[in-house]
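Participant: Please read through the structure below; I'll follow up with questions.
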Ligand SMILES: *[C@@H]1O[C@H](CO)[C@@H](O)[C@H](O)[C@H]1NC(C)=O
């Protein structure tokens, strides 16, 4: 670990939190080392070509392309490229891994091997396409023995060297010319297995692309001295020869730690600082809120019970009783309405069911990640585990939805059973499908293949829906959860409320705090999604998730208390919407990010970016809304249980 050199203690905690240690301490399921003998063929696979952002770290596109997209003109292996088996998650997250014509042999150096037999001709329209992709900062992604080929990068902030996956397709030079890389220096680090001499393992892959305008025959001795660059002309045909050299270099890195140099923490100081910062704020906030609330409630309850006592003592007349009632103020007044069923119980219960499903799924996913199961060595494991968990947890979703619906005395129970597994996943799937159509139109490899779509639908309908229905069925057979106080026949009138308790300001205030708890981590997650950096700081994520849950619950409970004190008993939807408003903030944040960090050319890029952001924000809305609702629900039940009502 490079971090360890500097500050042992901090780095140790950092690495524990970041969990690459755990990941590399034992072999992960499905990831076993491959050993090669001298001169064994080591396969090089190619993955999608995707934009990684330019030197000022501004992203110009979010559309990725297949390596063998005909416009690029890259050489194919004999007999055509074949897809390499991938997991569902890896396909969903945009991997399209194929075989390649590169021939690498263990410990066998090569100089300037010619890649295609015939030079490739770029006509003006192809040249235009490729030049556009170069301007967008697209990079090639190769895998050698499952390890991404990268470029060595120095993080100027922490002065550490790390490997950034991918290398550039070409570059726009200072004089405005666009150079196209047609030569690759492939530098492979290998490690001899200590217990087994003569067995070698791949532990590092660096590719340095170059642009070389070859004239005449390519000669091993002179090819490295070509200084002219290749430019693809947009007015006439250009022919290009592709070449590569391979250098095998012995390394001391063991196979088990070969991923460490990819797992670079960008700005660890900022992350630490912000995490501690928000943790302190959250703890302070929650403690303050709780102490105020508990004290106020104790006072309230004592007063209510005293008033009851007076009322009971004074049996002689009704006047004192009326006095007592008049003195009664605050949340007790609405005891006969507080458990009145909210409007739209069907939608509320469906959201709550799906929210619970998301909540448990996120918890399990982060726990798996902390245990090191989702290390980047396990390609696509994050996507796969998310899909699997969501599917299986359909049971919990169905159960929660039906149980809540029954408790809210909803009568359309069939509709509840059917819509719980269909409504939210249906919205998500439809948006996903529409965005996929955009990608199809762009000929992007980011478009999920039709077969994968079918697999998703099959998993959804064959596993998730029946599980959800089973959960619902069980819940409808269980008794309804009875409210602790009876609801009056006639609803009370709700007095007008002060500004900050009006729905909109209320949502803006309450939603801000959970968003604040995850704001910094969100930045890193978004960077890793859109700039395709490896995200592995699951320790941070775990703490942030915890902080978010606590903030969300505390703030919503406080809001509900104020609302009830203002004699407004419509707390159910209000709690859900106010807490869920943090989803709105996430979307707002995405828009700001769009304005500052991205400069997307073309409509498709923007539509895709905004579409995916909206989708994530929507799921977040349901997740935080559910947390807020259940926190308030527990709170309301608890306080009304603790007072005597005659
Ligand atoms: C391959 O080339 C590199 C760099 O020139 C050199 O360090 C290495 O020893 C060579 N490897 C073999 C097996 O010849």
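The first residue you see is number 1, and the count goes up from there.
Just so you know, glycine gets a Cβ as well, placed from its N, Cα and C.
Taken from TrEMBL, the feature signal peptide covers 1-25. Per TrEMBL, the feature transmembrane segment maps to 272-297, 346-373, 385-405, 417-441, 453-476, 508-531, 537-564, 576-595, 607-636.
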Participant: Spell out yes or no: are there three or more C-beta pairs under 8 angstroms between the transmembrane segment (385-405) and the transmembrane segment (453-476), with each pair 6 or more apart in sequence?
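Facilitator: Between the transmembrane segment (453-476) and the transmembrane segment (385-405), which are separate recorded stretches, there is contact, as judged by 3 or more close Cβ pairs.
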Participant: Return yes if the transmembrane segment (537-564) and the transmembrane segment (346-373) have at least 3 CB pairs under 8 Å (sequence gap of 6 or more), otherwise no.
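Facilitator: They do touch: at least three Cβ pairs between the two stretches lie under 8 Å.
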Participant: So, taking each listed stretch (272-297, 346-373, 417-441, 453-476, 607-636) in turn and counting its Cβ pairs to the transmembrane segment (508-531) that are under 8 angstroms, which one gives the highest count?
Facilitator: 272-297
Participant: Considering only Cβ pairs under 8 Å, which range in 272-297, 417-441, 453-476 makes the most contacts with the transmembrane segment (607-636)?
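Facilitator: Of the candidates 272-297, 417-441, 453-476, 417-441 scores highest.
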Participant: So which of 272-297, 346-373, 417-441 has the most C-beta pairs under 8 Å when paired with the transmembrane segment (453-476)?
Facilitator: 417-441
Participant: Assess whether the transmembrane segment (346-373) lies in contact with the transmembrane segment (417-441), where contact requires at least three Cβ pairs under 8 Å among residues 6 or more apart in sequence.
Facilitator: yes
Participant: With a Cβ cut-off under 8 Å, give me the same-chain residues at least six positions beyond the ends of the transmembrane segment (272-297) that come close to it.
Facilitator: 14, 513, 516-517, 519-521, 540, 543-544, 547, 550-551, 554-555, 557-558, 561, 639, 642
Participant: Do any residues of this chain, six or more beyond the ends of the transmembrane segment (417-441), have a C-beta under 8 angstroms from a C-beta of it, and if so which?
Facilitator: 63, 346, 349-351, 353-354, 394, 397-398, 401-402, 447-448, 453, 456-457, 460, 464-465, 468-469, 472-473, 476, 604, 607-608, 611-612, 614-615, 618-619, 622
